[in-house]
Amino acid sequence: MSYDEMLSAAKKAVSLAARLSNEVRKSLLVTDVWNKSDDSPVTVADYGSQAVVSLVLERELQNEPVSLVAEEDSGELRKIAAETVLARITELVKDTLASDESYAIASPLTSDDVLNAIDRGKSEGGPKGRHWILDPIGGTRGFIRGEQYAIGLALLVEGKVVLGVMACPKLPLASTAGNALKSLPEKVGCLFYGSVGNGTYVQSLSVDSLPAKVEVSSIDDPAKASFFESYHTPVPIHNTIATKLGIKESPIKINSQTKYAALSRGDGEVYLRFTRKARPESIWNHAAGSIIVSEAGGKVTDAAGNPLDFSKGKYLDYKRGIVVTTQKLLPRLLTAVRESIKEEEEEEEKAASLKLH
């Protein structure tokens, strides 16, 4: 099966998952949201989205084995032991698939079918073979609040990401450079996709529209750049890096991989992903976004300037932080990153020395 056929299947899967998430978002119930054992929030949309993508890939790629690396599994769902929740997810999945003409007469789905579809996401990935990488609802907190979230699906072949699709149901269709991500409600909802050597495109999620090719910003003066970061406890090194570059604007806060999508079409120039302490980064949080940016002419590296390595299993092999920007800005940005890390390490050494004395 060609990559074009796989891309078509991925677009269909992600579009239907976005349709399900929109239905949940229209009337989010208290019982639709709970906390997992790691205290992170999860919703019926997370599980429904994963089940839809899993089932669509299975149906569309009938002659291809589907290895899926995804965020959720049914273990957490079984822990809450709520038949009503599982029944709601099952109905959401059934209704979503039935809304597509090609699936309207498919065999009825049971709750066990949905649980099995969710658990198809237990693959470990790795450097050999083909693996789909799914973020079923990226930015669950944003989804719950009615803010930005994304559904990202990528294909890994022999350790390399070769295509990616991302639905951003709350992102304005028109480019929002300098517009603080504001738009008319009827113009909201984007589907981004890209594949190796073919560029990145965007089209409407809600209506039939011709795809438009997108490219990263042409700004080459770091002081004029704007940057994205997640909603979380402020990370001091972000401010240090921005200061070294001469960036004066406050960061644009966006949940999820939507930052990759916005950067790919020039809504901003820099996305930094550093944490206070080094921690594992799940591949599903970056796989689709990385190829969407790179095919739009951008660069995605770790803090040392190395390309992100998605071949090591469920977690990225990377150095210290993630840097997403344009080719024009990357050299100066990496210099600022190296200087900032060095200063941070020196400060930590001083603090440790003072404690000893």
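Cβ from N, Cα, C; glycine included.
What Swiss-Prot says about this protein:
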ACT_SITE  Asp46  active site, proton acceptor
ACT_SITE  Thr140  active site, proton acceptor
BINDING   Glu71, Asp135, Ile137  Mg(2+) 1 binding site
BINDING   Glu71  Mg(2+) 3 binding site
BINDING   Asp135  Mg(2+) 2 binding site
BINDING   Ser256, Lys259, Arg273  AMP binding site
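Features as recorded by Swiss-Prot, highlighted on the structure.
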{"residue": "Asp46", "record": "active site, proton acceptor", "Cβ contacts under 8 Å, 6 or more apart": "Glu71, Glu72, Pro136, Ile137, Thr140"}
{"residue": "Asp135", "record": "Mg(2+) 1 binding site", "Cβ contacts under 8 Å, 6 or more apart": "Ala70, Glu71, Ala150, Ile151, Gly152, Leu153, Ser256, Gln257, Trp284, Asn285, Ala287, Ala288"}
{"residue": "Lys259", "record": "AMP binding site", "Cβ contacts under 8 Å, 6 or more apart": "Phe228, Glu229, Ser230, Gly268, Tyr271, Gly289, Val324"}
{"residue": "Arg273", "record": "AMP binding site", "Cβ contacts under 8 Å, 6 or more apart": "Glu229, Ser230, Glu281, Gly321, Ile322, Val323, Val324"}
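Cβ crowding, taken as the number of other Cβ atoms within 10 Å, peaks at Ser256 among the recorded positions Thr140, Ser256. Just so you know, the Cβ of Glu71 (Mg(2+) 1 binding site) picks up 21 other Cβ atoms within 10 Å once every protein chain is counted. The secondary structure of Asp135 (Mg(2+) 1 binding site), as reduced to three states from DSSP, is extended strand. Taking the centroid of the Cβ atoms of Ser256, Lys259, Arg273 as the AMP site, the other same-chain residues with Cβ within 8 Å of it are Gly138, Gly139, Phe228, Glu229, Ser230, Ile254, Asn255, Gln257, Thr258, Tyr260, Tyr271, Asn285, Gly289. A Cβ within 8 Å of the Cβ centre of Glu71, Asp135, Ile137, the residues given for Mg(2+) 1, is found for these other residues of the same chain: Asp46, Ser49, Gln50, Ala70, Glu72, Leu134, Pro136, Gly138, Thr140, Ile151, Gly152, Trp284, Asn285. Secondary structure at Arg273 (AMP binding site), as computed by DSSP, is strand.
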